[in-house]
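Down below is the structure, laid out as structure tokens.
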Amino acid sequence: MFCHLVKNVSLWTRSSEFHSCVLLLPRRYLYARTIGVVDDKSHTKGRAAYSQISPDFHRYNGVYSKRLLLPSHLPLLPLNRNIISAASLAAASTGQVTGDHGVYAKMADSAPVHLAENVLISLQEVTGIPWWANILCATVILRTAVTLPLSIYQMYILAKVENLQSEIESLAKRLRYEVSVYGKQQGWSDKVAKFHFNKNMKRITTELYVRDNCHPFKASLIMWIQIPMWIFMSLALRNFSYCMNGSTTELFFHKQLQDGGALWFPDLTLPDSTWILPISLGVINLVLVEMFALRKIELSRFQRYLTNFIRAVSILMIPIAASVPSSMALYWVSSSFVGLTHNLLLRLPTVRRLFRVPRSKADSDTPYKDMFSAFITKYFKRK
């Protein structure tokens, strides 16, 4: 009995030793046939070679001669493979990329970008003007119809917030006194007293904003509209300049852009080699930033950090504008210039009264003269 048990264990050990090897051949064979690497003839040669290496192959091959896994139960690998060619790399380096290459390509082929393309095409078909003038007109129309009302609303909110500062300061003095008295009664430390002061001051300020319906977050509404519109218009012009989708329509307008420039940028599909447009973009954006920074009201720490960040972005946009097609750079310059014009107009007391913007302490009857004096004092009369 014991000898019979030892014999069975020995047989089971030897069978388990080659069990995985025998199973491996059918699986590899099916996998290879799935991707089209080997055929039946080469697989037969492989089985014969393996039988010479392993003397026990025929013993166990009789048991596992049938395939344990059917092709329908094996995961089929996709036969199409992405092959990166030299032409694809060259197209990617120049921005002339066709096909789906990630989030950026999907955004360039999105509905808002196509809407921006239709706006440009419709305006050009109606007016019949050259493309450089078409870009300028589209920019003026969009900035005036969309962002100008939001700019007026932003100044309305900021004026009401500024008028609340005197009331907030008086309430802060009163709250500081109450916290000081109550803190001495309760034995609060300076850290605890400061915590309760900040907590209650934040609550009071929020209640005042709700009362006058002038929460500062509403002033940022223009940013959530202007930035996406700027991106969609830029991508639309980029699609025309590079003929991204290769459609007949884009090819037609691509050829029009090649002859639709003016002055030093006759071809709107090429970057501005003179750097006039990129440098103009940086200068205009920096002027816009300084107009915000030279206001009479004191900036908070976050606003100072944000102002410095926008300064850095304005400088960084110069080389970026020099590397994109002139159509995009022209749109960026015209958009910034229209924004600068709107800001200058909204500084005039007459215009502010026309749009019923509340008068605040920062208002001036001579805004341009005051801005120039503040600029000279800030940058040229430092001791």
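Cβ coordinates come from backbone N, Cα and C, glycine included.
Since the structure is predicted, the reported quantities are computational estimates derived from the model, not experimental observations.
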Residues flagged as transmembrane segment in TrEMBL, choosing from 5-23, 119-137, 328-346: 328-346
Touch test for the transmembrane segment (221-240) and the transmembrane segment (305-322), at least 3 Cβ pairs under 8 Å: no
Per-region confidence, the domain 'Membrane insertase YidC/Oxa/ALB C-terminal' (131-345) (mean pLDDT, whole number): 87
